[in-house]
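A.B. asks: In case it's useful when we look at the structure, here is the feature table from TrEMBL:
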DOMAIN    1-135  domain 'PROP1-like PPR'
REPEAT    13-47  repeat 'PPR'
REPEAT    49-83  repeat 'PPR'
REPEAT    84-118  repeat 'PPR'
């Protein structure tokens with residue numbers, strides 16, 4: 001769709017870029033999302049917003065690309081945007097897949113530091129991460145679950 005739109009000379013705005021990125025996130029088109037994201041940033045007319053960063057972090061998290069997810073997260077914070085519960089949930093999912101339990105705990109604590117209330121999706125993600133966590137590190141996450149309730 002993106003290539004067809006470009007070929008037809010469609011003028012892109014941040015709403016269209018974000019819709020395309022959200023679609024890529026939904027279907028797992030990582031390479032296409034990266035291309036769209038880079039074009040958006042270099043367009044000179046469209047600046048990434050919370051939705052943009054959220055889509056990219058989700059895309060990288062779902063594909064297990066921890067370094068890239070962290071890079072976009074840091075870029076988002078440097079641009080002055082506050083993390084949302086959705087973004088932090090995506091990061092926890094990413095760290096869980098990579099067996100980075102300490103980073104799960106750090107991100108979990110950040111939720112409370114920011115005054116964000118964990119929602120059902122966040123708690124469900126945390127429970128899912130527990131199923132992937134080595135037994136010797138489970139106690140770290142049990143403390144998080146207790147704190148979330």
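Note: Cβ is positioned from N, Cα and C throughout, glycine not excepted.
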A.B. asks: If I take every residue in the domain 'PROP1-like PPR' (1-135) and average their pLDDT values, what number comes out?
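C.D. replies: PLDDT averaged over the stretch: 93.
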A.B. asks: Who are the chain neighbours of the repeat 'PPR' (49-83) in space, where the CB to CB distance is under 8 Å and they lie at least 6 residues beyond its ends?
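C.D. replies: Tertiary neighbours of the repeat 'PPR' (49-83) are 14, 17-18, 21-22, 24-25, 28-30, 33, 37, 40, 90-91, 93-95, 97-98, 100, 110, 114, 116.
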A.B. asks: What is the number of residues in the repeat 'PPR' (13-47) that are helix, strand and coil, as DSSP sees it?
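C.D. replies: Taking the repeat 'PPR' (13-47) as a whole: 27 helix, 0 strand, 8 coil.
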